[in-house]
Amino acid sequence: MMLSASSAPVTRSSLEEMLESLRQRDEALERAKDLPPALPARPTSRARLPSARLSLPTDFKVGANGRLEGKVESILESKVESVVLGSKLLVSVDDIRVEEPKRKELECRIGSFGSRKMRKVMDSTDSNPYVQEMNQQCRGSPIGSMPTINEVEWEDSIGYFIRKKLSVWCQLSNGMWASGKIQSTSGDETYVALANGNVVNVPPGQLLPANPEILDGVDDLMQLSYLNDPSVLHNLKYRFTEDMIYSKAGPVLIAVNPFKDVPLYGNNAMDAYRQKDMDWPHVYALANTAYEQMMRDGKNQSLIISGESGAGKTETAKYAMKYLAALGGGGGGMEVEMLQTNCLLEAFGNAKTLRNKNSSRFGKLIEIHFTSLGKISGAKIQTFFCEQSRVVQVGDGERSYHVFYQLCSGAPSLLKEKLNLKAATEYKYLNQSECFEIDGVDDALKFQKLQEAFDLLRICKEDQAQVFQILAAILWLGNIKFQTIDNENHVEVLADEALANASKLMKCTAQGLMVALSTHKIRAGSDNISKIKTLQQAIDARDALAKFMYGNLFDWLMEQINKLLDGNQNTWGSINILDIYGFESFKKNSFEQFCINYANERLQQHFNRHLLKLEQEEYEEDGIDWTKVDFEDNQECLDLFEKKPLGLLSLLDEESNFPNATDLTLVNKLNKHLNINPFFKGQRGRAFGVRHYAGEVVYDTNGFLEKNRDPLHSDFIQLLSSSNCKLLQSFASQKPDQTLRSLKSSLSQPGSFL
Ligand SMILES: Nc1ncnc2c1ncn2[C@@H]1O[C@H](COP(=O)(O)OP(=O)(O)OP(=O)(O)O)[C@@H](O)[C@H]1O
């Protein structure tokens, strides 16, 4: 968080630079063609044939029952970068087992059919290499006689499906999709026989073509003839039930979170992908392609991982890192240190939320550097705003950052004594949610691992001691109480154990801390006048100090890690992995969601423009005929955020500069200037809505101005400067740049992102 209302100088990250170069490329293309990019239809040439199927890993067999909620995550890999999108999927898992005949059947099915487009340009099976090859592949297949391409009639319109009584998807009154067969029609009525035997009357507008069964389980969604929502979800579910959690959608990799161990990882699988014995969709395959392209073309690569909270982004990023560490290992042991950073990052940056017991509360970009021989020469980790509000406020059923609980339960008695440490239940910042433990997680053991990681990352004992002191100081700060001294709610600090311990651990005087917490100085002409705070002001100030200390501690740790991983300057190329928070929409959405969703809106635009253009280029290169389909551009929504002077960000900044402005005056201003914008939706009270690409989100402006200004009074800066703790002193002398505000300003700088 920033210290003052003025903009911090924003250093351009490599992510920004990378995305800017993409943007420039996109713009150049746009200028040249001035045409909207088109979604390609299914390919018509052999050039797009799926590669030959290879066998599954020998250890591939799983069995499970039950019903669970899975998450879908997708990764786009391209020459220069990759994108991941996410969505949620309800899947029910019945019998999951991959048997030999089934496997063969799947192998034959994959790639066996092209598209309706294909049918239009092909008259004879004999002259079609695609079909010839598939027929050859499927000869002797256990599924028996598969229809050939000219036995299957393809047609776009649902009318045709109704006439021919084909299989369809129908949307039921509860919104769910069910598959069935057209049974009969009468006037506008269409009767569909569902798989469960029921017959339902569905209006034609709620029917969509279903793919032939033969396409069930294709590993690339682009091989489906009909790419509608239920068909895509059905295919993902079909694969998921076989424990094939990865699928492709052209150059995008989709991962469905299995929420259990699946035998898809480990050294055998790594070797198989490395030696090209396997080409089933997998994050290893994606990482392998990135590595090979970097080595072959000398171009830096990026994997952009995205998905909603709990989708499996961080796990996916870790698998990609592990694979790359295995490929580029042996260059001096840097890969071991790189992997160890995860332990530290998770302790300080992850927390239990209602959706994920190990949720990353920050975004990160990991750059892995390689020598010209393909060995890892170093790495760099950039983090994007750590959710500091969690340090002082935790929702029901959630926890603060793991490290606090690890320290409280795992610190050896000598350290506990030194820090006057009590159990987690004794600290207000931790006990407000009454959630202290996570099933299956041993915090004390994690503390030992944390200490080992500190040692391995060569953070000296003296620095480690300061880190633990600051953590304990934050906990004690939260226990500081105030008592009112007049009927205007003015306060003084209660001189109790909490004040004594906090000041001792912060290495400043108790008196100094008391004064900084209960008073603030105002400039009146050339004089400074000291004013006593009200209860709310004092609580806000105490919490701001705790957040500031934690935010700076997190940034300092990143600095130490980066110093260590810097390695030598012998970097030839790099692979970047972006693990960024996904689109968020809760019951109550605040400034944090506003920034996160804005970042995702930006990523979505990049995805739309870059991916579709890239595919189009590839089709052009292959000489493939395709049908142009307009895609939904989210530029207008981005304009709502970015337009100057009347966009959401400009108006927010303008209002933040008025000392008497309130969240209500902010929302009035937004309503006044943006009400006619179709992407803005005025709401009652202090809320406003935005029509994002992923849906409408209503934001509560409560706290918007305060968070956007993010002030830390000069009294605290003085207090920290006077501290005998070197780390705290250093925090006072620098402004953090990993803040919401810096994220916001870096995204909104012209050309700085995408
Ligand atoms: N490939 C996988 N295999 C097995 N379990 C997985 C896999 N991916 C994710 N999970 C499970 O799902 C949980 C959540 O995954 P993860 O923390 O990666 O989600 P995320 O998308 O990064 O969430 P957040 O945005 O909240 O940080 C993991 O703790 C793990 O239990």
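Including glycine, each Cβ sits where the backbone N, Cα and C put it.
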Where TrEMBL places region 'Disordered' among the ranges 31-50, 51-70, 371-390: 31-50
Local backbone state of G310 (ATP binding site), from DSSP in three classes: coil
Cβ neighbour count (within 10 Å, all chains shown) around T314 (ATP binding site): 22
Least surrounded among the binding-site residues, given as G307, G312, when other CB atoms within 10 Å are counted: G312
